[in-house]
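J.: Pulled the feature table from Swiss-Prot, pasting it below:
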type: ACT_SITE; residues: Asp78; note: active site, proton acceptor
type: SITE; residues: Arg21; note: site 'Important for substrate specificity'
type: SITE; residues: Thr79; note: site 'Important for substrate specificity'
type: SITE; residues: Gln162; note: site 'Important for substrate specificity'
Amino acid sequence: MTLADPALPRPRLILASASPRRFDLLSGAGLSPDAVEPTHIDEHEIPGELPGPLALRLAQEKAMAHPGSDDAFILAADTVVGVGRRILPKTETEAEARRCLDLLSGRNHRVFTGIAARGPDNRFAARVVETRVKFKRLSQPEIDAYIASGEWRGKAGGYAIQGRAGCFVINLIGSFTGVVGLPLYETANLLTGLGYPVTARMGEGGSA
């Protein structure tokens, strides 16, 4: 018998992230987490580390930091914005956010979201998803208004594409949900590969 067998209780899905955006994305796809249990790790980059490998490493470390459960799948993720080899911060101050927006204005950048999952049998899978985004050239009043909104706080690269900053995007190649914080297509494939009943959950409409 398999985990997807209707005779067996459905395994739980634990989101090892405090991000409300990731919770909402999963819920909207019919994959509402049964619990939110963030893990805490050192998120500083290693000297010389590139944006993509950083996102993947942090997602893996978050998933492995969870104690696990014999009836649950653990899902973790991390998003990193990069301009070339440069890693942009998750902005906490207006000055940081302003520097990020000045740098992104009129330029292409890349958003990397690492995803990692562990099954009840401790099987593990992870990958990183890259999306290319181009911003319009931002005027000073636009930057000032965005800073005043506070939407940038705690966001990778100092912006939230699903909010006001969506008006800044000229072009996007890749996963929109990956930029928001969790690439749904790749996440569903990752969980399915580990034995989580993704399709059955979608049929439930996300009900637990």
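Cβ from N, Cα, C; glycine included.
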J.: To the nearest whole angstrom, state the Cα distance for the pair the residue listed as 'active site, proton acceptor' and Arg21 (site 'Important for substrate specificity').
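T.: Cα-Cα, rounded: 12 Å.
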J.: Far apart in sequence but close in space: which same-chain residues, 6 or more away, have a Cβ under 8 Å from Arg21 (site 'Important for substrate specificity')?
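T.: Ala160, Gln162, Val180, Gly181, Leu182 - these are the non-local Cβ neighbours of Arg21 (site 'Important for substrate specificity'), listed in sequence order.
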J.: What does DSSP say about Asp78 (active site, proton acceptor): helix, strand or coil?
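T.: In three-state terms, Asp78 (active site, proton acceptor) counts as strand.
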J.: Find, among the recorded sites listed as Thr79, Gln162, the one whose Cβ has the highest number of other Cβ atoms within 10 Å in the structure shown.
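T.: Answer by Cβ density within 10 Å: Thr79.
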J.: Once the chains shown are all counted, how many other Cβ atoms turn up within 10 Å of the Cβ of Asp78 (active site, proton acceptor)?
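T.: Asp78 (active site, proton acceptor): 27 neighbouring Cβ atoms within 10 Å.
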J.: How would DSSP class Arg21 (site 'Important for substrate specificity') in three states?
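T.: Helix, per DSSP.
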J.: Once the DSSP letters are reduced so that anything not helix or strand counts as coil, what is Gln162 (site 'Important for substrate specificity')?
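T.: The residue in question, Gln162 (site 'Important for substrate specificity'), is coil (DSSP, three-state).
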